[in-house]
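As written in TrEMBL, here are the features:
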DOMAIN    470-673  domain 'Histidine kinase'
TRANSMEM  6-27  transmembrane segment
TRANSMEM  39-58  transmembrane segment
TRANSMEM  96-119  transmembrane segment
TRANSMEM  131-150  transmembrane segment
TRANSMEM  162-184  transmembrane segment
TRANSMEM  196-214  transmembrane segment
TRANSMEM  226-250  transmembrane segment
TRANSMEM  256-277  transmembrane segment
Amino acid sequence: MILAFPAFVALHAACAAAYVLLAALVLMRPPPSRSGAWLILASLASAAWAAAFAVSWHTPIGQLPAWLEVGRSAAWYGFILHLYRQSVGDNDQAMPAYRTMGMLALLVLGGTPLLNWLSDSAGAALASLDIAVRLGFAVGNLLLLENLYFNTPPDSRASVNLLCAGLGGLFLYDMLLYADGVLFHRMSLPLLEARAPVAMLAVPLIALAAARTRRWSIDIHVSRDVVFHSVSLIASGIFLLAVALIGEVFRQQDAGWGEVAEMSMVFGAIMAVVVTVTSESVRSRLRALVAENFFSNRYDYRKAWMRCIDALTAPEAFVALHKRAIRAAAEVVDSPAGALFVRPPQDVAFQWAGSWNLPAVGAPVPPGHPLIPLFGAADRIVRLEDHAGSGAWLPDLPDAWIALPLNHCGALIGFIALAHPRIQFKLDREAYDLLRVIGREVASRVAEQRAMQVLTQTQQLREYSQRFAFVIHDIKNVSGQLSMLLANAEVHADNPEFQRDMLATVRASVGKITRLLSRLEAERQERDHALITPADRLPALVELSRLTGKGQVVLRDHSAGAGAAIDPDAFDAIVTHLLNNAVDASGPAGRVLVELRAETHGLVLDIADTGSGMTPEFVRDTLFSPLRSTKSGGHGIGAYQARELLRQAGGDLLVISHTGTGTVMRVILPALQPDQADIALVAA
């Protein structure tokens, strides 16, 4: 009984639709290359062959299906031969033989349907030859595929292994079909009906191979998330089915514990699947597997860029920018942690700015650190383990793997140190390029935040200056009033002795206010940096600290009388402020060490206390912020003023502090220029 819509028709119609879809995918990215054109031709020939067989079930169309099968086989043969020529070149000795064999087979296969159409008796006589030649054509396709695979370089076989698997299965089935026909002198109907589903199985393999080979000009737009979750579900389903099968074997043993064992195994397997799919390392391995085997590019660049922008512009105030910046870079290489170092304006060292899944880092990275020159001017990403001795470069980050430079407008403003990834990660060109792009975007965001902080501090200082200007104005008024009182008192004094005391007191007040105004006026003027010898000035400052404070202050001088280019009053103010803070932090039973030493880039003065120390967050956010003080009655201007005075002179102030172990305030004094050194030598 013939069905109204038999499975034969449905399968061949579906096969034709599948190959039409494959050709459409290639055409979606015009213009196709020669390889793409061959693939389109072979796909359309296969679609026409399958459609002709579907139609021939109800409508007699003569020898058209046989001719279309010849075209299908010839098109695939030409496609494989084209790929083989690309792999080995025209000089290969086997190329003429393959071309000749293809032409002869095409003539025989094309002539047999013609003879069948002209003469039934001649066609019947050549039927066996026709099947034998088709068998030979299938074997030839298999041999050509084998040579294509083994003549492709090993590092490029990823682009042809799926193609060889798909077409190899197709031609292997044809070989079995025609071998059966040669043996029994007839074509097997079940084998003929199964050709369509076998041909459809080859379509996804060919499509994936084309998607992984850019020169074929095909781009299958499949969501990576869909593929990832599909693979996860399929793998989980296979695992659960295998466990259920094992449990069924236990149950069939007819033991008293069979059903209990089956249920326990199934429930345990479900729990194992849940734990596995929620594991970050397993998900990372699965993502890498999907990206490597299903897509041409390692990353979905549109999605990666949008994820980076979303991370850097997130409105959540509770997630600091430094954590979002580190996470944006870490997601590229599947790193679970990292730390950000930023060089503040007019600073010479890279200060810790924040960490993501890592502890805080107390020590800054100096400008002479061996890591800094490795970045170069081309945004070079440094893989730390490739350099000898790099294990001691970042002692606070022993798991550091790579360092990503942050360049903004041609200047290195910081870098991100990322920890080793969850699984083994190969740093290829795609990873390096994406990291560089994200590094530049992170640098722009960090520079923007830094500019906003500078603007905020400038506004605060402007307000403070305005208030200070009002004070100066009031002092001027008081000075004028006292001067007037003094003049009137000299004229209207009744008691000469009293008047003399009053005049002396008022005169002293006026002199004091006048000196204050003169000092304020002098600090507004720009003064040249004087030449001083810190070793000569430090003993008096240390002695004054001993007299006014409590605790022990020890001075060590290893400077050999070297000089520095800084104003003497500014140097005294800096040292006095830092000494007072160190004495207060150490307490009566504490100890303050003042050590002066000469280094290659200038003089370094360390003022170390034995206090409770400061957290990296406090150093980063509060210590140098003007108008923010933790002392009762303090103005929050001392540390900021000390650092600014040093930077104006060409030096800097670094902080090395750990909670519970004290603080070291490192004063980097500006070195003498050659002409200044000559002047100092003459003066000596």
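Count begins at 1; order follows the chain as displayed.
Here the Cβ of each residue, glycine as well, is placed from N, Cα and C on the backbone.
Curation plays no part in TrEMBL annotations; they are all automatic predictions.
The largest share of C-beta pairs under 8 angstroms with the transmembrane segment (162-184) comes from 131-150, of the ranges 6-27, 131-150, 196-214. Summarised as a single figure, the pLDDT of the domain 'Histidine kinase' (470-673) averages 76. Listed as Cβ neighbours of the transmembrane segment (39-58) (distance under 8 Å, sequence separation of 6 or more from its ends, same chain) are residues 6, 8-9, 12-13, 15-20, 22-23, 26-27, 32, 64-65, 68-69, 71-72, 74-76, 78-79, 196, 199, 206, 210, 216, 218.
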